[in-house]
Every structure is written in C-alpha cells, then in structure tokens.
Amino acid sequence: MRKKILLVEDELTLGDILKERLQIEYDVDWVKTQSSAFEALKKNTYDLLILDVGLPDGNGFNIAENLKNISSGNPHFIFLTAQGDPETRLRGYEAGAEEFIPKPFHLKEVMIRVKHVLDAHVSTAQKIDLEHCSIDLQGYSVHLKNGHIEYPPVKDMMILKLLVEQAPRVVSRDEIINKVWGQDKDLSPRTIDNAIARLRNTISDADEKLIRSVRGVGYQWVIAGT
C-alpha cells in the first residue's frame, strides 16, 4: 500500500514541484495554509507530514505541536524552512521533527530524507539483536550472550521502547516524561539521565553508539548503519 503524505507549503512553484515528484511514489495531498492543514488532518490519516515553517496564517510548528488534538493517527514529520538559525532548528526537534531541511534544497535530498523516515518506520522490531545481547521490547528483558537474562526497571524499558519506535527522531526529555511518567511535574531531570545510564550499562553501550545524547534536546536511538 502506498504511503500517504500531507505537504504543507505556501510557495506555489515549490509546492507544485514537490507534489509532482512525491506523487510518483506516494499519495500526496497539498495544502497551502495552516487552517487547510488542520482540516486535512481531521479528515485523513497520514504517514508523513512535510511542513513549511512559515505559512500565511500560522506556521508548521503550530501544526506539529497540535497533532495529538487534531489527528487520529501518529504521523512523522519533516520541516522545510528558510530559517536555519539554531533556535528554529531546536524548536523543530523539540516538536518532534525527524528531519529539518533548510531552503534552498536539492529535490533529490528531500526524496532521500522522505524515504529514510518512512522506511525506518515500516516496522518496529520487538526483538533487537546486538553484539553483546538481545533486547526483547515486548518482554521488557535483555538476554545476554552468556545466557543470563536481565530485567531492567519497567520505566527504563519503556524509555528504550519509545526511543526505538521513534528512531531516527530525537525524543525530547519532555516527551519521555509525558509518555513514560505521565506529566509528573516533580520528576527530576536526573531521573531520565540515570535511566539512560542504566540502559547503556545493561546493553554494553558505554561509547553511546546506540543511545545518543543530543545536548539541549533529548535522546536518540541510532539505527544500525546510520
């Protein structure tokens, strides 16, 4: 089944070029405003959103930040923007962006990044085989090569499962708290750091090749080969 993409871009020439190229491989709806994007999301379920940051009646950040309230699905999204400053990029990643593509860009770059995001989420393996162990995300256990089975704290495994499911997107600390602890306002930032440290120790990830820290944003599960 073809993946479905919502393209939100107000520049007519650019939008037309992107839609023409994308629809060769995907089903594409193209809208030009924030309000039109909200309407499309209420009526349809998408696998991916491509969002221009600057829109006539709002911006792509508003769309991303309100997805849970307006969409029944859980689409991934990519930002397009002429603003390449660190603050803009940081807000995009905090909103949950998987890719951030500055304008001007090469059309082939967009296609490669779209394919990368969609392919990464075709299926999330419930078991992950690593050099030193095998992780059972469904059974919340880690099977070491010596035959011993570790059962890390449930919250630790919930964090790991979230990172794997959202890879290659960087998952913010706020999202981890909301998804794992349920908006616990009294939670110490060190709680997440300690959980990540325990996970790294359990899966022999001392060099942080699997769970990557992104300073000021959060954590990322690094897909093999990326």
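From the backbone N, Cα and C atoms, a Cβ is placed for every residue, glycine too.
Unlike curated records, TrEMBL annotations are generated automatically.
The DNA-binding region annotation in TrEMBL covers 125-223.
The feature domain 'Response regulatory' is assigned by TrEMBL to 4-118.
Helix, strand and coil content of the domain 'OmpR/PhoB-type' (125-223), in residues and according to DSSP, is 36 helix, 23 strand, 40 coil. Here TrEMBL flags 125-223 as domain 'OmpR/PhoB-type'.
The 4-aspartylphosphate annotation in TrEMBL covers Asp52. Listed in sequence order, Val8, Glu9, Asp10, Glu11, Gly60, Phe79, Leu80, Thr81 are the same-chain residues six or more apart from Asp52 (4-aspartylphosphate) with CB atoms under 8 A from its CB.
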Helix, strand and coil counts within the domain 'Response regulatory' (4-118) (DSSP): 52 helix, 29 strand, 34 coil
